[in-house]
Every structure is written in C-alpha cells, then in structure tokens.
Amino acid sequence: MLNGLVQFGFAFLPMILGMCAFAAFPDLKNAELALPTAMKELMPFGVAALALAAIFAAEVSTADAVLYMLSSSISNDLYKTFFRPDISDKELLKVSRVATLVCGLLGVLFALWMPNIITALQIFYSLMTVSIGAPFLVGLFCDKASTKGAFISAIAGVSTTLILQFGNAGKGLWILNASSTGTVVAVIVMFASLYLFPNKKVLQKA
C-alpha cells in the first residue's frame, strides 16, 4: 500500500512541476526544457548543477536496469527456452551481450526519432499494456494458459498496435485506438491459445 501511495505521488509530481514551469516561463517554446530552465533560473548555480546531476544519474541507473532486464529476458526467457535449451553458459553470456548492445542502439535511435517525451511514453506504456495485460489476466484465472500462448498473444497484440499506430495514424477498429485494438487482439489470441496450446501439465493432471 505504501508503495502504491509513493508511486501515486510520483505520477503527479512531474505534472505539478510542469505547470509551475509553464506559469513561470510562459514563452518557453520547448516543453522538455521546462525543468532545466526552472533549475537554471530559480536555483543557485551549485544547487541546480547538483539537481541536474542527480537526474542524469537516476536516468543512467534506470537505463542500466532496463537493459539488464531486456538482455536477460531475450537470452534466458526467449533464446534459451525456445531455440537452444542446451546452450552453454559461455554462449548464453555472448547472446546476452549482443542483446544488450542491440537494445541499447535501438533505444538511442528510438529516442532520436521520437518528436517528444510524451509520444515516447504513450507508445511505451501502450506496448507494455498490450503485451502483458492479456497474458497476465488470462493466466491468473485460467489454469490452461501456457507460456507459448502468452508469447503468441503478446506478439499478436504488439504487432497489431504497431501496424495501426504507424500505418493507420493510430486509428483502430471501430471507435478504438491502436492500443485498444491491440489489446482486444491479444485477449482473443490468448483465449484461443487455451484450446490450441493448452498447458500440458494441467492436461496431464486431469
């Protein structure tokens, strides 16, 4: 509960800082410069430098953690599980390093390509919701859910979202947007996987 309250505060803090910066600097053209400009103009030089250094340190620390998570997921959860179960630790380490390098380069290209941080966050959270939501909820309540079904569901949902986001200007089916349509597709595929790729351990017990 305490963690939820803290996260709730973090959700509002950037918004409040942005509103204060907009009130203090109404002529600021680039919204992403709101926080650095506020620190530069409203704080002593030394305090502003320390605050910016703390922000950069937090960003680097977060990037390290995300890269480690991605490389571990790709090398262990995907490559080792689905392609080479008998892979040695030395080869797995090489795969992990290559995955780290590729993910890092893709992250840099993605950051340079995105017009602003808001668009990047929208795409990130949309893809995270689409890829995790359906497998998690269906797997929570259905014993027949399998790893293979969850993987296919995530791929189908993410692919649908990306195709509609960049190929159809973010418009989905009917009144839905791209991420909502991707979520619907992921749910349908996940339920279909209960019958096409059921959990073998559950079937053996039955």
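Using the three backbone atoms N, Cα and C, a Cβ is placed for every residue, glycine included.
According to TrEMBL:
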type: TRANSMEM; residues: 5-25; note: transmembrane segment
type: TRANSMEM; residues: 45-71; note: transmembrane segment
type: TRANSMEM; residues: 92-114; note: transmembrane segment
type: TRANSMEM; residues: 120-142; note: transmembrane segment
type: TRANSMEM; residues: 149-167; note: transmembrane segment
type: TRANSMEM; residues: 173-197; note: transmembrane segment
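Long-range contacts of the transmembrane segment (149-167) within the same chain: residues 82, 123, 126-127, 130-132, 134-135, 138-139, 177-179, 181-183, 185-187, 189-190, 193-194, 196-198, each at least 6 residues beyond the stretch ends and with a Cβ under 8 Å from a Cβ of the stretch.
For the transmembrane segment (120-142), the most Cβ-contacting stretch among 5-25, 45-71, 92-114, 173-197 is 173-197 (pairs under 8 Å).
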